[in-house]
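Engineer: I'd like to ask some things about the structure below.
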C-alpha cells in the first residue's frame, strides 16, 4: 500500500518532474509514465486508471497532469487525499502552471513532494508546514549571524579609535617639532588621509585672531593638505626629527601588491585637481554629432558552426544648440540585404522609405538638444541582422586541448575575417583551479592570468591585414577538455555590418547646413565559443 511515484506530465506525455519513493529502474518509471496518456479516456469523470500492475491517480492542472503511480493494493481514498495536498503545493512553487514554469522550479517541487510522501506513505502535514520545512529557517542561525555582525562592528570601532589616537599623536609631535605653542585653535584646519580608514581630523583653537599666530597657521595648512601648487617655505623646509609620514605604510603596500597579484583592480586614492576633473568630461565641439553603434551577440560551436549570430544597431543624434534642432538627416545604407531597418515612431516612415531621409513627422517640431553628458543622444533608427552563415563571423577561435602524461597542452588559434580591423581584442579562456600561473610556451600578443577567477586572458591590440591569424600555446596540469570552455571574446571595430553613413544634414529653415560629426563603432555584447 504505497505510492510508487509522484509526477507532473504534459497532456502529450512529456515528463516534466517525477519523484520515485521506492526502488525502481529508470526504464520502468519511464515506461509507466509513457503508457499513461494512452490510458486516459476523453469525456470520463474518473480520476484514476488501473492496469494489471499499477493504478494511476491523476488530476488535471490546466495543460498538465498531476499524477500518482501506486500499486493496486494502495488505499485509493488516502491516495486521493495525497493528490489533493500535492495539487495545492504545486501552485505555491510554480506560479505559471506550464512546462517552462514547472521545469524552472523542478527541484523545489521535488523537495515539497519529499515532505508530503515518505517511503511511499503520506505524512500528516499541511501546506503551511511543508513551506516552513522547505524554507529551513533557523532562529539559532539568525542569532549567530547577529552576534557575528556585532563583533565585526565592534572591531571596526576599535580600529577607528586606535587610528584616531595615532593620528592625534602624530599631529602633536609634528607641532612640537616645528616649535608650536601647544594645541592650536581657530588657526586653520587640515584633513589628513591615512591608509587605515577614511577618518578626517580637524583641529581649531585659540591663537591671536585670524591671520596671526606667527606663521603657524600656514604651517599647519600646508602640512596637512599638501597643496599641489606653489609650495610654502614651511613645506619645503627639512623636517626636524621623524615627523609624520603621509601615504600608505609598507604593510599596506604589501597587501595591495598581493591583491594586484591575484587579479584585483586597485584604485589609488588620488584627489585630482579641479582642472583635471573638468578635463575628464570634454565638451562636444561639433554642433551635431551622429553615433552609429552596432552590438554583436555571437555563440559559436567548438566543433564549428554558428548557434547564434545577432547584430543590433542604433543611430543616435546629439545636438548642442537649440537653433540647430530643425533639421533632417540624409543617410546611405550599404548593400547588405540581410539588415532590416526600423525608424523611431516619431520619424516620417514614408520619407525614409523613399528618400532615406530621417525627419520628424511634424516638420515644425525641433529635435531635442542636450549637453555632452547626455551620452545616449536621441535614437533615430534601429536595425537588426541575423544569420547562420559562418563567413559573416568576424573572428573564429579554435581550441585544441591534448593530454600527455600529467599535463594538458592547449593550442588556441584565432582567424579574423578581412571585413573588419579589430581593436583591443581580449580572448578569455577558463582554466582549472591552479596554484600558480600556467606555462605559456608561445603567444602572438600578450597574456595575463587572473588567479582569482582562474582565467587566462590573451590580448591583441590590433588585428589587421598583417596578423589575420595568430596562436597561443600553454600547459596546465591534467584537466578535462571541457574545462577550457566557454571561451569569451571582446573587441571593437570602426566599421559596421550595415555600412550606414550620414551623407548630409538638411536645414529646414534655410541657410547653410550645420557642421556635423559621425562616430561609428562595432562592439561585442556577448561573444562566446561553447
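Every residue gets a Cβ built from N, Cα and C, even glycine.
In TrEMBL, annotation is done automatically, which means it is predicted and not curated.
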Engineer: Need the matching range: TrEMBL marks region 'Disordered' on one of 136-162, 163-189, 190-216, 271-297, and I'd like to know which.
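Structural biologist: Among 136-162, 163-189, 190-216, 271-297, the range TrEMBL annotates as region 'Disordered' is 163-189.
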Engineer: If I go by TrEMBL, the feature region 'Disordered' sits on one of 221-249, 308-336, 337-365, 366-394. Which?
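Structural biologist: Among 221-249, 308-336, 337-365, 366-394, the range TrEMBL annotates as region 'Disordered' is 221-249.
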Engineer: Helix, strand, coil residue numbers for the compositional bias 'Basic and acidic residues' (163-178) per DSSP?
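Structural biologist: Counts, helix then strand then coil: 15 helix, 0 strand, 1 coil.
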